[in-house]
Amino acid sequence: MSSNLAFAFGLLGNIVSFMVFLAPVPTFIQIYEKKSTEGFQCVPYVVGLFSAIMWIYYAFLKPDTTLLITINSVGCLIQTIYICFYLFYATRNARMQTMKILLLLNVVGLGLIVLLTQFLTEGLARTSIVGWICLVFSLCVFVAPLCVVRQVIRTKSVEYMPFLLSFFLTLSAVMWFFYGLLLKDYNIAIPNVLGFGFGVVQMVLYIIYKNAKKVVEEKLPEIQCQIIKIEDQEIPELKEQIIDIVKLSAIVCLEILPGVVPVVVPCLVDDYAVNLDREMKNMPSNETMKISN
């Protein structure tokens, strides 16, 4: 009975994990349309390829784990396609950096793990060591979304955390947890407890912040209208204040300078004020603001 349930959960895990593997497709469609990687990082796909190969290696050492081989074989194929696609459109520096990480992790690192476990260990000890390595890397993969969670809390925007991806990651963690639990394989079950926890946190954050951006966008037109109204109300007042200042300065000048003829200067000031008033009525609002400043 437990073996049948394990097979059912493993089959469902294959289906959900396949959908998770296809999640980055929109990103690569965008790269193809723009013919540029635009600063996207290839490290997650390199690590994903390493993790998939390690789980295949572990499945060959452990009996009754065929469903691990099937999904991770598909994962290896998809991650390899992503990496090749990235390398084709990446800049020279990004391409060289990706090749270094790829060779260091998936050739040197993987080769050392296989050689050391094959020649220095045997039987259950080998399976246990490889299982622990898979467990650690799975935990690292599940901890990675913490960066996205931090960004969501800081920006109050879920733009870079799609709900469907979080949902399928959580569902995948549930399926593989019960698969490992029914097989009594805790190397499979334990990492998915953490995966389930992070998935729930991401979905809760999505529900909290999903309307935050919409509220900001709705308030922007109202704020702009208020600014325009304030400017329309203040411009006549500013023009009157400027005219009053010109008149006041002329009166002050008359008091300070005794040689000024009192009949001519006020007339000139009044004419200047009238002309200024006419010009400012015909002047656009931005230029009026500049004069007032």
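Cβ from N, Cα, C; glycine included.
Feature annotation from TrEMBL assigns transmembrane segment to 6-31 (among others). Sequence-distant contacts of the transmembrane segment (6-31) (same chain, at least 6 residues past either end, Cβ-Cβ under 8 Å): 37-38, 40, 45, 64, 67-68, 70-71, 74-75, 78-79, 82, 85-86, 89, 162, 164-165, 168-169, 171-172, 175-176, 178-179, 182-183.
Residues or ranges marked as transmembrane segment in TrEMBL: 43-61 (among others).
According to TrEMBL, the transmembrane segment annotation covers 67-89 (among others).
Taken from TrEMBL, the feature transmembrane segment covers 101-121 (among others). Sequence-distant contacts of the transmembrane segment (101-121) (same chain, at least 6 residues past either end, Cβ-Cβ under 8 Å): 42-43, 46-47, 49-50, 53-54, 57, 83, 129-130, 133.
The feature transmembrane segment is assigned by TrEMBL to 127-148 (among others). For the transmembrane segment (127-148), same-chain residues at least 6 beyond its ends with a Cβ under 8 Å from one of its own Cβ atoms are 44, 47-48, 50-51, 54-55, 57-58, 61-62, 113, 117, 121, 160-161, 169, 173, 185, 187, 190-192, 194-195, 198, 202.
Annotation source TrEMBL lists transmembrane segment at 160-182 (among others).
The transmembrane segment annotation in TrEMBL covers 188-209 (among others). Long-range contacts of the transmembrane segment (188-209) within the same chain, counting only residues at least 6 positions beyond its ends with a Cβ under 8 Å from a Cβ of the stretch, are 68, 135, 138-139, 142-143, 145-146, 148-149, 152-153, 156-158, 161, 163, 166-167, 169-174, 176-177, 179-181.
Long-range Cβ contacts of the transmembrane segment (67-89) within its own chain (Cβ-Cβ under 8 Å, at least 6 residues beyond either end) map to 7, 10-11, 13-14, 17-18, 21-22, 24, 28, 31-32, 35-37, 40, 42, 45-46, 48-49, 52-53, 55-56, 58-60, 95, 98-99, 102, 179, 188.
Panel annotation: around the transmembrane segment (160-182), residues 2-3, 5-6, 9-10, 12-13, 16-17, 19-20, 23, 67, 142, 145, 148-149, 151-152, 188-190, 192-193, 195-196, 198-200, 202-203, 205-206, 210 of the same chain, lying at least six beyond its termini, place a Cβ under 8 Å from a Cβ of the stretch.
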